[in-house]
């Protein structure tokens, strides 16, 4: 509406400049356009211009409807005009109304006889001349001074000066009629919601909704029909309130308590010290006050409170004592908040200029007049003779100065007077530009504007129109949408799962069987199940929504965040330990861990939370590792990219709003909730004083829901403005996961997987596609549907600092895209950040690995698709391993180090070490072994002379010979399959040579060539420049790029069943007591460095060091036994710190010395019969050639099997949240394994440890 200049009344904007005076002072017809442009049409009243394309468009823009007249080509029998049509004579006075103003049936008296006696009906006779002649569709006023159109008669507004057009109007309508909102006119019910307004106030076309099967209640004079779920739901949907009238309270179930106000809550929460009924009646009449574990009780009303609820701005005690005498903290606004000028409040930036006053004062919009007393007035309220400003500053001054024709010409829309002179103004829906002259349309639907519609918005010049998605109905006010059926909020409150009715306020508790906090939940409406993960289980469990059954979907998995793909019928989760995103099909039966499929495992540092958008085949997750960001990818792992990498602190929970297609996340560090489009545009940060520690987030319709683990509340607010905030759950225990349950959320289109017949798992992909995926150990066949076994297939292992990536060579034949990893399995290396060298035993499925960060050599068992640490074989001090290779037959490790530049070997179990070659070695850079031929080759680098050689020997160190002497920096040595040639990379080239030094060849030359591998007849190599690229050539391909990635890769090896098939004389350790070393002609038994051989197979401790001393590996010196593995280097060759475990020193047999023990005692000991030699109960005794010896069981070592080698190998591997902050439940989701040693992550742990106070309150859950 617009106020008339005299301030006496307001009129609708559609009546401004319509050719009729509606304001008493006639101001609604002043300053109207009188000249139209060439592309405009001038209304018949001469006061308004419209665009020509709006003429004859079926909707009148001119008040006199002149833009819709004569819109139909007139035929020869056209005799009567109305409603933009021309009727033939046969339509006149035929008893049927064809014109909306009924003019075709007017003045029909006496026409019946003519109509029956002639075949052609003439037009009605012209009226005799009168002093006042009204045009067709109009009638004269009673005083005969003016005409009024028929559709303005009884329209609720006086158009005649004498008001006669509003006299004798109907006040009651017939049964089949509709009363216009102004109460002065009845129209036929069939004309309601027909697309053409018959009421002057258009009330017959308001709130028109398409009738649906669920429509059961008509209200608001039959203009609105609502479904049964809207009736008696506590929300008024009809203007007449009839949907909430005559409501009968429904009885609560036996498992529920009926609150005094009719609300139903679970009986388990009655008399628990915390009110769950809105009226608090569940805590009334309790026989005794519950025990307060929180140590805070309201002094009079006896409620139990946690510390965080005291002085939090919300009244929790009925007596209000929790909010009394609260200290006033200094105001500090966040980065995404606006400080009010009063300096007493901070509001989100999104609240600025949103047309709602949140601070005490506001800035006026560009076209408004600002009072001296700070109010904002529309132009019509200025200089109108009425003081609308509190200080009267809108009157006086130059108010008498009127807008001249030049002013009106200068202003693009309107001109008005102010105490400071004339100004240009704009109509509703337009804004005044900086030139203070030009008006432009306000696009209310623009993304950056405050939301005017709940869902759909269509802009129009000076206005907009709201709409709803299918399944929603427009609420009263025509801007917000409401869904049919009550939505429920699913929330985990420590070990409990709550279902909260968002309309009824009902509260039910689902069975969870969890013993520790439930950190993540999701649900399947189709399956009627809730899926959840808890800290006390290594499984994903479920509970039925009917609260009757629970079960396990899949066991033996680590899950931090779960997400249900309700369209593709799969379940996804984040495995924080292995830094993977994994999926498995939804099943009624319990699944095994070998049925899961890895969707993403590349460059995932510390993924935190996961959300899916199955309608588009997309997934989103938050990353809190070294680079904090929010990423997205297809649900098949394709098209991965970062969507948010700025405006982030610590992104936690994430959720997708499928209605507005926006992504929401919580940010604990910013104490805010952020959102963005699915492409990462239009980032908005909602930073409120109520978002102190947001954990999880959910979105539905126009509301945002989040849990605050510190404040122990679940709250809701408008998703755009943050207003309409309300507390939904407030309990002493901590809330974590939040989801909204409603069938509309999981109602989508056809499942793309229904078109595929995948043998194992079908997953959704972008653009409504689907692809088949295979579990670990299987590879997708050429048909892209079937997963085939890869038991005998060759594969590569690519080593990164914290990951070993397995890729089957077969996939190179079907690769179509070189960008990114091919089908692969990324194996996280628990506890390793600086992996340098690797080797692998196919027989034992064990990976041997050197870690530069800990200067250690460890082993990892492959179980399914996960590597499990078995401990450390060696740990060096102030030293680092430079080369390593595995003898897969005898399970011996050949190695060298920077401080011990010699070729030495260590058996895996028990751990015995011997030096093979120590003379003439500068630095060993690479080692290769070929157990079947009994050969070992190594790269010998003279760092001072900058020369290098490739040398070979028998695996016992004998028969050393030069294979190639003119190398520069040879690395990545590898044998040919039959062991007669050696390959290596050197200075951007790949070379090969026979073991005897003949047949030297240069095979490949490439920039950045870093490593080479050989698998049967396929040569593979890796180059490192701007990216890591893998190349190959075989019998079919001379040289081809396989793939390129941005990942750092430090090692490359190829494995196949044929490469580790066969045996030699060292099978079953060749009957050697310590080390069995293969040779081309057989095998050599070797004793550990501190033992000597008594025969060809057995060893006894060496007796050349003083009592209580042990020899160094160099054989040149001895050190006291207590100095071995004490953390300090004492041997010149550092060998006293070649230790088997980081925490436990190896057991030391008492050293013998000819000065301390005589030879007789030693001989008597060695001559013991097997009946006397018990081998410590950890082995069995054998006798050969008169000598007895212990053959130790696996896991033990020493002459009497006294040392637990396996115990020593088991190093500390920290899993789960317990290793991070032993009392903080929250961190279990954020980081499941401690592997990133950076200040940022440690700071995050400190924040949560400090925030949750687990170590000071008895009511918290301990891990």
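Placed from the backbone N, Cα and C atoms, the Cβ positions cover glycine too.
Pulled from TrEMBL:
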COMPBIAS  122-131  compositional bias 'Pro residues'
DISULFID  56-71  disulfide bond
DISULFID  93-108  disulfide bond
DISULFID  154-169  disulfide bond
DISULFID  193-208  disulfide bond
DISULFID  252-264  disulfide bond
DISULFID  259-277  disulfide bond
DISULFID  271-286  disulfide bond
DISULFID  292-304  disulfide bond
DISULFID  311-326  disulfide bond
DISULFID  364-376  disulfide bond
DISULFID  371-389  disulfide bond
DISULFID  1192-1201  disulfide bond
DOMAIN    1166-1202  domain 'EGF-like'
REGION    110-134  region 'Disordered'
REPEAT    617-660  repeat 'LDL-receptor class B'
REPEAT    661-703  repeat 'LDL-receptor class B'
TRANSMEM  1213-1234  transmembrane segment
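Shown on the structure are the features that TrEMBL records.
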{"residue": "259", "record": "disulfide bond", "Cβ contacts under 8 Å, 6 or more apart": "265, 277, 278, 279, 281, 282"}
{"residue": "286", "record": "disulfide bond", "Cβ contacts under 8 Å, 6 or more apart": "270, 271"}
{"residue": "364", "record": "disulfide bond", "Cβ contacts under 8 Å, 6 or more apart": "370, 376"}
{"residue": "371", "record": "disulfide bond", "Cβ contacts under 8 Å, 6 or more apart": "377, 388, 389, 390, 391, 393, 394"}
| remark: Lying 6 or more residues past either end of the repeat 'LDL-receptor class B' (661-703) yet within Cβ distance under 8 Å of it, the residues of that chain are 313, 334-337, 346, 348-350, 447-448, 451, 454-455, 472, 480-483, 487, 489, 520, 609, 611, 613, 616, 618, 620, 622, 630, 632, 642-644, 646-655, 709-711, 715-720, 722, 724-725, 735-740, 742, 745, 1226, 1244, 1247-1248, 1251
| remark: For the repeat 'LDL-receptor class B' (617-660), the distant same-chain contacts (Cβ-Cβ under 8 Å, at least six residues beyond its ends) come to 336, 455, 469, 561, 563, 565, 568, 572, 574, 581, 583, 599-600, 604-611, 666-670, 672, 674-676, 678-680, 683, 685, 694-701, 706-707, 719, 738, 745, 752, 763-771, 773, 1230-1231, 1236, 1238, 1240-1241, 1244, 1247
| request: May I ask for the distance between residue 326 (disulfide bond) and residue 292 (disulfide bond), taken between their Cα atoms and rounded to an integer number of Å? | output: 22
| message | Taking 10 A as the limit, how many CB atoms besides its own sit near the CB of residue 277 (disulfide bond)? | response | 22
| Among 108, 271, 311, 326 [disulfide-bonded residues], residue with fewest other Cβ within 10 Å | 326
| query | In whole Å, how far is residue 264 (disulfide bond) from residue 93 (disulfide bond) when you measure between their Cα atoms? | reply | 64
| If you average the pLDDT over the domain 'EGF-like' (1166-1202), what number do you get? | 48
| query | What three-state class does DSSP give residue 326 (disulfide bond)? | reply | coil
| note | Cβ neighbour count (10 Å, all chains) around residue 304 (disulfide bond) is 23
| request: Out of 56, 108, 193, 292, 304, point to the one nearest residue 264 (disulfide bond) in space (Cα versus Cα); all of them are disulfide-bonded residues in the record. | output: 304
| field | Spatial separation of residue 252 (disulfide bond) from residue 108 (disulfide bond) - C-alpha basis, Å | value | 66
| note | For residue 154 (disulfide bond), the closest of the disulfide-bonded residues by C-alpha position, picking from 193, 292, 311, is 193
| said: Of the disulfide-bonded residues 56, 193, 252, 304, 311, which one has its Cα closest to the Cα of residue 169 (disulfide bond)? | reply: 193
| Where the distance is taken from Cα to Cα, which of the disulfide-bonded residues 193, 292, 304, 311 turns out closest to residue 56 (disulfide bond)? | 193
| request: Measuring CA to CA, name the entry from the disulfide-bonded residues 193, 292, 304 that ends up nearest residue 311 (disulfide bond). | output: 304
| said: Give me the count of other Cβ atoms within 10 A of the Cβ belonging to residue 264 (disulfide bond). | reply: 22
| Within the repeat 'LDL-receptor class B' (617-660), how many residues are helix, strand or coil going by DSSP? | 0 helix, 23 strand, 21 coil
| task | Ten-angstrom check, please: count other Cβ atoms within 10 Å of the Cβ of residue 169 (disulfide bond), all chains counted. | result | 15
